[in-house]
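J.: One structure follows; several queries about it will come next.
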Amino acid sequence: MTNSLLICFTILGLAASSPTKPIGDIRIVGGEDIVITEAPYQVSVMFRGAHSCGGTLVAADIVVTAAHCVMSFAPEDYRIRVGSSFHQRDGMLYDVGDLAWHPDFNFASMDNDIAILWLPKPVMFGDTVEAIEMVETNSEIPDGDITIVTGWGHMEEGGGNPSVLQRVIVPKINEAACAEAYSPIYAITPRMLCAGTPEGGKDACQGDSGGPLVHKKKLAGIVSWGLGCARPEYPGVYTKVSALREWVDENITNLRLKHILRRF
């Protein structure tokens, strides 16, 4: 496989090699089984009936995910499963009524890898379904602080998906060190953050894309991309929510207003 770069387009169900970017559909490696009550904000983003990406419930009618998970397809191609420890059963299914991805996102750079989904029927909150707060605009995670990543992605590089929700605990990596690790081929921008362990073995991987990275009980990152999975020399790369919080807030408001106005 060219340069060992695995490109997993979960929304298309295709895998191909590329010399340019090792993009997402990331998975949990080195994690542990958990139940949904431990991460009730975690959702499965389903594309035409099958799990394709993770997502995070930030309001009863809003899911945040990665742009590369939903770009170029219609809202009706997606449904959201909430309240289940399993991506293929249980919980409740909700239609996606509309979506927006960042206009400056592109697959070449993976910069601005963020999207929001609007649900015409808000979810019902309970023990297994709950929204999570997002980090504040321009807030920073101190280097070395613990973050939590959850999802149903592959449990090893090139492996299969688990049926039960997984969790992995990884420290936040200094941006300069992360940029040096990926240089000169890949750029770490101000809208990305990195997390992983120096010895490797713990990471997100294929199938986790779009899912949450949580710091101090707030959504701080979105699983985006990486070179391989859980490799010691290459931390996982996440969309930095604090750098894009203003865009998220603005577009949540725009989507809601758009559909309120359509009623009149």
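Don't overthink the numbers, they just go from 1 along the chain as shown.
Each Cβ is built from the backbone N, Cα and C atoms, and glycine gets one as well.
According to Swiss-Prot, the protein carries these features:
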type     : residues      : note
SIGNAL   : 1-15          : signal peptide
DOMAIN   : 28-253        : domain 'Peptidase S1'
DISULFID : CYS53-CYS69   : disulfide bond
ACT_SITE : HIS68         : active site, charge relay system
ACT_SITE : ASP113        : active site, charge relay system
DISULFID : CYS178-CYS194 : disulfide bond
BINDING  : ASP203        : substrate binding site
DISULFID : CYS205-CYS229 : disulfide bond
ACT_SITE : SER209        : active site, charge relay system
CARBOHYD : ASN251        : N-linked glycosylation site
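Burial and contacts for the listed features, if you can.
T.: On the 0 to 100 pLDDT scale, the model's mean across the domain 'Peptidase S1' (28-253) is 90.
Secondary structure at HIS68 (active site, charge relay system), taken from DSSP and collapsed to helix, strand or coil, is helix.
Around the Cβ of ASP113 (active site, charge relay system), 32 further Cβ atoms fall within 10 Å across all displayed protein chains. DSSP gives ASP113 (active site, charge relay system) a coil state; it is part of no helix or strand.
DSSP assigns CYS178 (disulfide bond) to a helix in the three-state reduction.
Counting Cβ atoms from all protein chains shown, SER209 (active site, charge relay system) has 32 others lying within 10 Å of its own Cβ.
In the three-state DSSP classification, ASN251 (N-linked glycosylation site) falls within a helix. Within the same chain, residues at least six positions away from ASN251 (N-linked glycosylation site) with a Cβ under 8 Å of its Cβ are ALA100, ILE116.
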J.: At the level of the C-alpha atoms, what whole-angstrom distance separates ASP113 (active site, charge relay system) and CYS53 (disulfide bond)?
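T.: Per the Cα atoms, ASP113 (active site, charge relay system) and CYS53 (disulfide bond) stand 13 Å apart.
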